[in-house]
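Chemist: Quick paste of what TrEMBL says about this protein:
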type	residues	note
DOMAIN	82-140	domain 'Cadherin'
DOMAIN	141-249	domain 'Cadherin'
DOMAIN	250-354	domain 'Cadherin'
DOMAIN	355-459	domain 'Cadherin'
DOMAIN	460-566	domain 'Cadherin'
DOMAIN	580-684	domain 'Cadherin'
REGION	779-800	region 'Disordered'
TRANSMEM	692-715	transmembrane segment
Amino acid sequence: GWLFWRVIACGRRSADSKRQVILFILFFCVCQSGAETLRYSLPEEMERDSFVANIAKDLGVPLSQLAARKARVVSDGKEQLFRLNQNTGVLTAKESLDREEICPQSDTCTLAFKIFFENPLQLIRGEVEVRDVNDNSPVFPEKEMVLEIQETTSPGSRFPLESAQDKDVGTNGLQNYSLGPNPHFSLALGTGKDGVKYVELVLQRQLDREEQGELNLLLTATDGGSPPRSGTAQVRIVVVDANDNIPVFEREIYEVRLAENSPLEQLVVRVTAADPDEGSYGEVRYAFIQTSERPRQLFQLNPTTGEIRVSGNLDFEEAKTHNMVVKATDGGGLSAHCKVQVEVLDVNDNAPEIALTSLTASIPEDAPPRTVVALFSVRDRDSGDNGRIECSMDGDLPFSLTPTFDNYYELRTNAALDREGTAEYNITITAMDWGTTRLSSRKNIFVQISDVNDNPPEFTQEVYTMSVTENNSPMLRIGSMKATDADAGKNARVSYALVRQEGKEHPEVSVNAENGDVYILRPLDYEKVRSFEVTVRAADGGSPPLSAQAVLRVVVRDENDNAPLLLHPAPDSSAAGELVPRWAPSGYLVAKVVAVDADAGQNAWLSYELAKATEPGLFRVGLHSGEVRTARAVTERDAPRQRLIVLVRDRGQPSRSATATLAVALVDGFSEAHLQVNEVAPAADPDGPLTLYLIASLACVSALFLATAVAAVIAKVRQARRSEAETLPTFPTTATESTAGSLPRSYVYDVCFAAGTVNSEFRFLRPLFPCFPAGLPPGPGEQRSSVCSEDAANLGDEGD
């Protein structure tokens, strides 16, 4: 501190260039040490944007760092007086500075400012002293002062005169008074306790009204500027008749203590001066003299009673004391003076003020604790406890207040943030003083929490099951998958895609990347694909993206698009020939129509019915088994050739059907059966090569016999090993896939040849039902036969 003021003193005595060099060296040392305040000086009334200092040079900060760290200057108070150019580092005055306006009634005028840097946060204090220039001349309150002086006044008497007012300070302020040449008066200069110069008129030679009843003097006030300025006033001396008593005040100094919130018209003090004279010479009137303009505005003096009352709003923060001089003048022109000193007492009439200096409007939700969000300052214009401030924050929020210096506070985070829980904070800062009646002010700070991609998408279901009917149209929408993301913005934008798995490609399904709609790209066939599963991934738009997976299961619903397929009799044969003996009783099994349906469910449930017959009452068809049996015993009156049409129908909507045609021959013996079979077949030339046909038929029958014999042996062997003697035939692929088709039972036929027959006749005997072990019931559509395979020879013999 001693070094700084030493340099300032030297700087005032030296030229401006030398001062700037010395100050620069001092500022460099201060900046390097970080323990002092940057101090500069600037003459008042400089032009707008006048140069103050090169902050970048003084602080040793590269110009690139000023913009990168968002350097800025903030003046104390509401009005910003300086501007910092981030490109050049030059500190300039925003407007022309008038010291008398900024710092009235003050010998020194120092403007404090602070320079803020961000990233990291740094604050540097500075001061600019506004130097006074001689731009104001001394001014007297009145252009003419009138003094009435008794002619009997003795030499050496002093008469106070109105002091001139000069707004400048120091050497530029009021320095001297001078009086025009005259034979009676001289001037006496003095300085009061408050440092204000006053002037008194001193009577050098006694006045004589008869010689000169009035004198006019020229009073000149001069300041110490270069060049000096001056102001003049006329002093008119009126010589009156003798008045040998002057007013006398009770006290020379009146001291009063007054609260700053005193109401208007409140009595401050009553000054009283007594004059023992009679008549007009004893009537005393009071007036302010040698009192500045501001006390005259705040206080009102009753000229008759001497009461001083409050006429304006007192403010402790503006001025703590007010000094006034009261002149008491009697009717004869004699006067006396007293001083009135009013001490203004502070009351808590100013609420704390909160000034936001820096604010980070948005912080990421993953910001670590102790992250600085805002910087603000508080001040209270009161004094003592009335100006002592404490800050607090409303609510239980993840933030804390940390005091720094000079009534500055930092708002920091003190816990982890979660935007999904709270996306915005309205932080209320309360500043409260310590006065008897505590005053407070509040400021709201809004802090946005920016999103971080910390939440993966979530499907509403782990498994989505959707169904589609086969033979669908291409690009059919069958449903939608939905995933939500608790993040915001692009971090919450969800896109969908199929997860490719090796060996599990399903090109028939697609998922819309934007909304998750599921489409079937091409028609499906239930008989080929009944269901399939794919994995769908939902990924957000964050960086890096987060994702989740769900299973999409597509179930194909069956449609009745397949007609029943006949396995027996074969659909490509014109008509299947069956032989029925004439002695066949009612319920005799003639044949079994076997059909399957590639569909499923009720679309594959088959029913059989006799659509057409030569003699409808002779035969009947099992509704579910497809077995064609005699409805009554065969008689001789029945036609030997019967043609049956069996209708096979499924239960789909609409239903599909197929027909099987059976040709039945009623025979008494083998030869007749042979002839009837030939007759049932398409008509041929009776003179054709009959022998050729018989040979071919014999070869076929022989092959059938061998196959039947082998099948019978195998069946008997399996019967011995298992409890159930049933063998299912092999069906086409489409038939085996059906779950509801009617499958035929096994039939065993014995073929017997009569010895000695010339035409190699054979006879087709009735089928033999398999024997069921004791206690084992027959299956659906089967009947228990009392004739076992071991009885086949006997039956053959009977046929012969």
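Every residue gets a Cβ built from N, Cα and C, even glycine.
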Chemist: Might you confirm whether the domain 'Cadherin' (460-566) is in contact with the domain 'Cadherin' (82-140), defined here as three or more C-beta pairs under 8 A between residues 6 or more apart in sequence?
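Modeler: Per Cβ check, the domain 'Cadherin' (82-140) does not touch the domain 'Cadherin' (460-566).
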Chemist: Counting by DSSP, what is the helix, strand and coil composition of the domain 'Cadherin' (355-459)?
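Modeler: Tallying H, G and I as helix, E and B as strand, the rest coil: 4 helix, 55 strand, 46 coil.
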Chemist: Within the domain 'Cadherin' (82-140), how many residues are helix, strand or coil going by DSSP?
Modeler: 4 helix, 26 strand, 29 coil
Chemist: What mean pLDDT score does the domain 'Cadherin' (250-354) have in the model?
Modeler: 89
